[in-house]
Amino acid sequence: MASHLQHRAHSFSSALLAAVLAVAVALSLPAPSAAKLTPNYYRKTCPRAAEIVTQVVTGKQIANPTTAAGTLRLFFHDCFVGGCDASVLISTNAFNRAERDADINLSLPGDGFDVVVRAKTQLEIECPGIVSCSDVLALATRDLVTMLGGPFYPVLLGRKDALASKADTVEGNLPRPNMTVSQMISIFAAKGFTVQEMVALSGAHTVGFSHCKEFAHRIYNHNNGGQNAFDPSMNPKFAEALQKACANYIKDETIATFNDIMTPGKFDNMYFKNLARGLGLLASDQLLMSDPRTKPFVQLYAANNTAFFNDFAHAMVKLSVYGVKTGRKGEVRRRCDNFNN
């Protein structure tokens, strides 16, 4: 698998790598820092860094197939709150309530945190104090997307880890399932992402699962809770199946269902095809199909998997350099869940 990933890395179009560097230089907010990132940052100090991450990630994903979606979500939640700086990995202590304990982050899956810790542990044996946790998370995310059949994209390296992580900075930076399309567009636009990039990144919901409480209002609260109590934009058989699956969700908060019921373990464009059939799980997903600003992109990606993969790869490259810290604005943590001092 490692050699396969490396082969795909070499064969990936030089045009995208050029685009990566252009993005790094041109992005409005993180320009000075992003411009300092380079694909070969660890070539002399830890030449096997990417290879070690790939090995650890591959073993973890085979043992725990939910790792990929969990890590992708963890990466997004990290980057959209203050930049891709591993601030979401910090543990809360008596003096500080960290990002991961913000309400919206409480459901982040343990497998995402675990794969970063495992990779970091191996890297600390190989080259202590060299590879940042934020670089580990960026590499692991890319490798896992590729393992599920998604697009390979280059990852620039040299991020430093955040020196702060506060739960009260999270709210308002991440999209929620009950948001309107306008609210979601605003959140992405504030970070320099276009509507098309937002729709492409939403395609990450082709993998993973959501807990019933995130969509319960869609399946129980319409028509005063009587017959056909589900959102009329939903496929009726799909809605009825969800009502049965989630029947006990108030007592058991762990009940969850796949975001993409057709090909839940494969990274593909099925998420977009599902929206056209009323098979979107979250309200915020299904709304993309009905809003004139987003619908054309949903239709494009449903019809053309290559277009989705190309746009998703470009959007992930742009996301991965958002708000990065370099130089003295960050540190290389020894442990990903604790600051160095």
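Backbone N, Cα and C atoms are what each Cβ position is placed from, and that goes for glycine too.
A TrEMBL annotation is a machine prediction, not a hand-curated record.
What TrEMBL says about this one:
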ACT_SITE  His77  active site, proton acceptor
BINDING   Asp78, Val81, Gly83, Asp85, Ser87, Glu99  Ca(2+) 1 binding site
BINDING   Pro175  substrate binding site
BINDING   His205  heme b binding site
BINDING   Thr206, Asp260, Thr263, Asp268  Ca(2+) 2 binding site
DISULFID  Cys46-Cys127  disulfide bond
DISULFID  Cys79-Cys84  disulfide bond
DISULFID  Cys133-Cys336  disulfide bond
DISULFID  Cys212-Cys246  disulfide bond
DOMAIN    36-340  domain 'Plant heme peroxidase family profile'
SIGNAL    1-35  signal peptide
SITE      Arg73  site 'Transition state stabilizer'
Cys336 (disulfide bond) to Cys212 (disulfide bond) - Cα separation in whole Å: 30
For the domain 'Plant heme peroxidase family profile' (36-340), mean pLDDT (0 to 100): 94
Neighbours of Thr206, Asp260, Thr263, Asp268 excl. site residues, C-beta within 8 Å of centre, Ca(2+) 2: Val207, Met262, Pro264, Lys266, Phe267, Asn269, Met270, Tyr271, Asn274
Top Cα neighbour of Glu99 (Ca(2+) 1 binding site) in the set of recorded positions His77, Cys79, Pro175, Thr206, Asp268: His77
Neighbours of Asp78 (Ca(2+) 1 binding site) among the recorded positions Cys84, Pro175, His205, Cys212, Asp268 (Cα to Cα, within 10 Å): Cys84
Count of other CB atoms lying within 10 Å of the CB belonging to Asp260 (Ca(2+) 2 binding site): 27
Site of maximum Cβ density within 10 Å, from binding-site residues Asp78, Asp85, Glu99, Asp268: Asp78
Residues satisfying Cβ distance under 8 Å from Cys133 (disulfide bond), sequence separation of at least 6: Ala86, Leu89, Val116, Lys120, Asp161, Val332, Arg333, Cys336
Neighbourhood of Val81 (Ca(2+) 1 binding site) by C-beta distance under 8 A, where only residues 6 or more apart in the same chain count: Ser87, Val88, Glu99, Thr169, Val170, Asn173, Leu174
Cα-nearest neighbour of Asp260 (Ca(2+) 2 binding site) within the listed recorded positions, Cys79, Asp85, His205, Cys212, Cys246: His205
Cα separation, His205 (heme b binding site) to Cys79 (disulfide bond) (Å, whole number): 17
